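Written out below as structure tokens is the structure these notes cover.
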Amino acid sequence: MPTELLLFFLSWLILVLLPSPAAANRIETLPRCQAKCGNLNIPYPFGIGINCSISLWANIECNTTFHPPRPFVAGTDSIFEVIQISESQVRIKNLIASSCYSQSGDLISHVITLMNFAGTPYTFSHTKNKVTVLGCDTQSYTKGSEQFEFQTACTSICNNREDMIEGSCSGIGCCQTSIPQGLQEIYISVSSLYNYSRVWSFDHCGAAFLGEQDMYTFNSADFSNFTSLRDVPIVLNYSLENKTCHEAQKNSTTFRCKENSHCYDSVDATGYLCKCNDGYAGNAYLAQSCQDVNECEDPNKNLCEGTCTNNVGSYNCSCPDDYYGDGRKDGSGCTKRNKRIPVLQLSLGLGLGLLSLLVCGSWGFHCIKKKQLSKIKEKFFLRNGGLLLKQYISSHEGGGKSTKIFTAAELKLATNYYSRKRILGQGGYGIVYKGILPDLSIVAIKKSKIIDESQVGLFINEITILTQIQHRNVVKLFGCCLETEVPLLVYEFVSNGTLFHHLHDNSKISLSWEDRLRIAAETAGLKPICFERSLEQRNLATYFTVSMNKNHRLFEEAGIIKEDTTEEVHAVSQLAKSCLNLMGDERPSMKEVAARLESLRGFKRQSRILQSEKESLHADYEHVDLYAIPSDFRRTDSDSRLYSLEKQMLGSMNVPR
């Protein structure tokens, strides 16, 4: 077992340390150009030799007098040793500025630093570098070029070594200052405040240098060995062609970025840089160099916690079976599935089940209620003579055209669900509503209270007959609804008030005798209809007969009886009395009644013509039109047409002709 573990570890180590095929074949330099100087790789656009670099300033001089050889890059006035070349930066060795004093306070050595990269594609990185000053009686002075107008100072003091804080550059033994962005030239000088006379026993030299701040940690031992400070590098930013990406991309011939790469503007410099796209690695300045990277084989790039699958330019993470999550270390990772049903899932399932049951139950209940309502409507329709009415409609073609069977839903919508605001009038037998049909026609809908089931056949017969009546003095019956417990009747809507109003409104002028006589004559002239009268009608007829026998005139309205109408009123009363004889043979026919009423009207017209020749044109009597409505007429709840057939539209007469 130990041998197997050792073999497994060695195999894993070989896989990790060996470069991937893409990395092994990756191109970093131009053909036939030296790729390394000493231990440092020189990637293009840099190169060893003018023909191997992208420009003069990217040329690296490889000094072989050192062992191993050392690379140098040229500045404006001098060359600097290169420590590292990265994607957008070059690190070089720094220079130390210093000054030392004797015990008597005399200056014994003074070294200044001047680094100049003006006119090159390099700038000192203002984010990576800082000026660091060391000493207990030291003051540094730093400035840029005359065109840059940059000057700064930093002072470091202390009274003894015990005052210094290791790792801290807060002004006690060590201080630091920043540089501005885009700086290409820097001058550093070191001086003393008191010539080190106060601290000469433990410190008699001061130093200052520009270097990468993250690469230096203050140590008091550096006071005695300034040469070690040269290992702190200076970071230079570089860019190409002094153009932005937008400007450079306009010329595809000179544009430096190759396939599978992209361009971005430099941070400090005014040029641009190239970089391989995510998921690719190589040299973005060389053709066919940016190749796909197998991130799954690179521990630094592989962020998969589960299974890693490489794709061209990217990779995917997934979880094994029985695990869930995105499979990433920086995401939800992979979590083993719990085979037990979680409480949340169980609660959610039960809740959804109950909700589904409730919805299905409500829907089923609605369907059952709808079916029950349909059966009730069908039951009422049959009980109220619906089949009989349909037979009448189909067998009597004329009646079928004028009789309509309405549905309960139609009339409910027409009356706004029988709103109280739609009530036209109400009485002992029912309520009359104003209705608006879908075609916007206005009708009157009577909702009766009682019905005699034994009179269904007669009721249907009367409906078919009444819907055929066409007379201006008779309200037209359009049809009925038989789906309710008590049938609903649909009448023509008349907006001029009711006959009851004209007869019994004591505050207004009554109908004239001529109009009353005309209404009676025209009504009697209709086609005779056989029907029975209700108990209320029979009681009224009996009361009228008894009053006539006693010579009472209880039914004569005040203002009707005048000298010229007394005989006519008496004649009409006698005619009405004769119509109420118990024996049919003794009652006049409707034709006889109509003829006698027309005779009275004709006699009245002749009398009026003769009288008008004798009387003044301005008669005291003012004629009132039957259909006129007074200007101050007000409608009330009882001010509706008396749409009553008396005991469900038409009553019955118990005594036959």
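Quick reminder: no glycine exception, Cβ is built from N, Cα and C everywhere.
TrEMBL labels come from automatic prediction, so no person has curated them.
Summarising model confidence by region, the domain 'EGF-like' (249-291) averages a pLDDT of 90. If you look up TrEMBL, you'll see 249-291 (among others) marked as domain 'EGF-like'.
Residues or ranges marked as disulfide bond by TrEMBL: C257-C274. Secondary structure at C257 (disulfide bond), as computed by DSSP, is coil.
Residues or ranges marked as domain 'EGF-like' by TrEMBL: 292-326 (among others).
The transmembrane segment annotation in TrEMBL covers 343-365. Outside the transmembrane segment (343-365) by six or more residues, the chain places nothing with a CB less than 8 A from a CB of the stretch.
The domain 'Protein kinase' feature in TrEMBL is assigned to 418-657.
The annotation ATP binding site is assigned in TrEMBL to K447. Within the same chain, residues at least 6 positions away in sequence whose Cβ sits under 8 Å from that of K447 (ATP binding site) are Y418, G430, I431, V432, Y433, V486, L488. Following the DSSP three-state reduction, the secondary structure of K447 (ATP binding site) is strand.
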Helix-strand-coil residue split for the domain 'EGF-like' (249-291), DSSP-based: 0 helix, 13 strand, 30 coil
Counts of helix, strand and coil residues, the domain 'EGF-like' (292-326), according to DSSP: 3 helix, 14 strand, 18 coil
